[in-house]
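Encoded as structure tokens, the structure appears first; notes follow it.
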Amino acid sequence: MALTTAPGRTGRTGSARPHANRRRVGRDRHAEGLAGYVFLSPWLIGLMGVTAIPMLLSLWLSFTNYDILTPLSEVQWVGLANYERMFTADPSYWHAVRVTLTFALVAVPLKLAAALGVALLLNKAWRGVGLFRALFYLPSLLGGSVALAIVWVNMFNRDGAFNSFLALFGIEGLPWVSDPDWALQTLMVLAIWQFGAPMVIFLAGLKQVPTELYEAASVDGASRWSQFWHVTLPMLSPVIFFNLVLETINGFQGFTAAFVLSNGTGGPVDSTLMYTLKLYISGFTDLEMGYASAMAWVFLIAIGLITAIFFSTGRFWVHYSDGEK
Amino acid sequence: MVAVTSTARPRSSRKSGGRQAVRLLILIVIVAVVLYPLLWMLGTSVKSPEEIVNNVGLLPETFTPGNFTAGWGNFDLSFGTFFLNSAMVSLLTVVGNAVSCLLAAYAFARLRFRLRGIWFAVMIGTLLLPGHVLIVPQYILFRSLGLVGGEWPYLPLLIPQFLATEAFFVFLMVQFMRGIPRELDEAAKIDGASPYGIFRHVILPLSRPALVTTAIFSFIWTWNDFFRQLVFLSSLDDYTVPVALTLFIDSTSQSAVGPMFAMSVLSLLPVFLFFLAFQRMLVEGINTSGLKG
């Protein structure tokens, strides 16, 4: 897809007067360079004003005791105190780290497994694929909303729909959302429920697998199971990689459902204290913006590291056919 | 085209017919599980307070549309205000993203200028930058400019959107524009068109599909967005629908559940209508760009 970037030489074709044209080419280049920056200017202003400067500001703030109430000029430099407190003196910070890692490590693989499983079922179906695909995709559009989080909390209440379903089998359910051992799991189920978006990407990937490979495999007597392991999975590995990176990064940033379930506290007993919720509470409830900035930077570095780990391990298991990319 | 796989393999038709039936059955069960929460929400939104406690099934025994009127006027301001606020923020975000991302994408996809490669790499880098990291300093900056809770409190939500900070859309449009034949630019250039003319007369009209995809996704994401709106909106009359919905959570009384569900249903309605109207485009949109759902 990057091939098209090679630019054709400007204005050479169909020219009767090479000299006049060459001069024009030079002027065009200059005009084009200027136009480039004209078109790019909103993005550049955004990059500086909304992204780069705020990032530097937050780096500086992370070494201060800034709260929103004192003016910026009276802020005190506290060195590494925020980072020290975070790592050694704030147990709820570690709760947030644990909750977020647990959420991502459990929910993301299950979500991708569901997405791949359903994509495989749909890929072979002959009719109604479009309808199924659309219905499975619907939760991905709605699931991140406050409304759905409200529904979820009520569904997993003590007298919610889930427990009455369990009652059909004679099982007495728990008040899942207010039980510290189970509250996070209900959020995981909500995340897995939104498997439609990665599923659609898997489906597109499955369409790209050449049928000849399956034909060759079945001529060689490979079972369906071994076709899956030796043809489908390797051919799909770039798409799996893509979904894994994207969903992991999204998973780390889960906020809305945890906020709704705990009414913004991360409870019960910190069990749904996602990292972003902890950051929000520190910055906007406790107004410790210096502390929250330190948290944001650790978060950024952690996400950067995880992405780097994905990309460096990716070459051992991601298979690109014909040296593409 | 899907059928090719099944016919290409030598299998008895009866066996593969049985397989298809099992597959269909499994799919139907999964659809039922996936749709249950949505249908349950719909059902609960028209249940009476007694039924909400006693009947957790899908269907209400007595239809109670009163939840909608009760929810609409549950707070000091009607939900109409919140809906208008949400619509305004979402629509202006659509305009901002469409315009600013299109301009940036044209520069990246078609124009040669100094440092283009570096800027493009930076743009790709910001694709994975979590928005939560920037929220504290952005809040401080906008507040020091007097824009938080100011004359028009939506500026902190909208300014970034008019500055092409949604790198997803820039990337999507760059990818799309790379597919537009370069010969069209060249032809226009020979006819004496400037880069601005080429943008206006070649790229802009041909980029409509990418613009539509961007518009739909930015509407839905902004409509559902909660984090930024929660941070930047502080007074009730500025609240958008998601922020207003959280007010229901504070009131724990059982009688508020019906109205809360009714308003939840209403809040999802615009997204659902978009889904109905554009479902093919939405599904294909995430394919071409690999956007988050």
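The backbone N, Cα and C atoms fix where each Cβ goes, and this holds for glycine too.
For B:21-42 (among others), the entry in TrEMBL reads transmembrane segment.
Marked as transmembrane segment by TrEMBL: B:82-106 (among others).
Annotation comment: TrEMBL describes B:83-278 as domain 'ABC transmembrane type-1'.
Remote same-chain partners of the transmembrane segment (B:118-142), defined as residues 6 or more beyond its termini with a Cβ less than 8 Å from a stretch Cβ, comprise 104, 108, 148, 155-156, 159-160, 165, 167-168, 170-171, 227-228, 231-232. According to TrEMBL, the transmembrane segment annotation covers B:118-142 (among others).
Annotation comment: TrEMBL describes B:154-177 (among others) as transmembrane segment. Proximity of distant same-chain residues to the transmembrane segment (B:154-177), defined by a Cβ-Cβ separation under 8 Å and at least 6 residues beyond the stretch ends, is recorded for 85, 88-89, 92-93, 96-97, 99-106, 108-110, 123-124, 126-127, 129, 138-139, 142, 147-148, 203, 207, 209-211, 213-214, 217-218, 222, 228-229, 232-233, 238, 285, 288-289, 291-292.
Long-range contacts of the transmembrane segment (B:198-223) within its own chain (CB-CB distance under 8 A, at least 6 residues past either end) are made by residues 86, 89-91, 93-94, 97-98, 101-102, 106, 110, 161, 166, 168-169, 172-173, 176-177, 180, 184-185, 188-189, 241, 270-271, 274, 278, 281-282, 285, 288-289, 291. Summarising the annotation, TrEMBL assigns transmembrane segment to B:198-223 (among others).
According to TrEMBL, the transmembrane segment annotation covers B:256-278 (among others). Within the chain carrying the transmembrane segment (B:256-278), a Cβ under 8 angstroms from the stretch's Cβ atoms is held by residues 41-42, 44-49, 52, 64, 66-68, 70-72, 74, 79, 83, 87, 212, 216, 219-220, 223-224, 241-242, 244-245, 248-249, all 6 or more beyond its ends.
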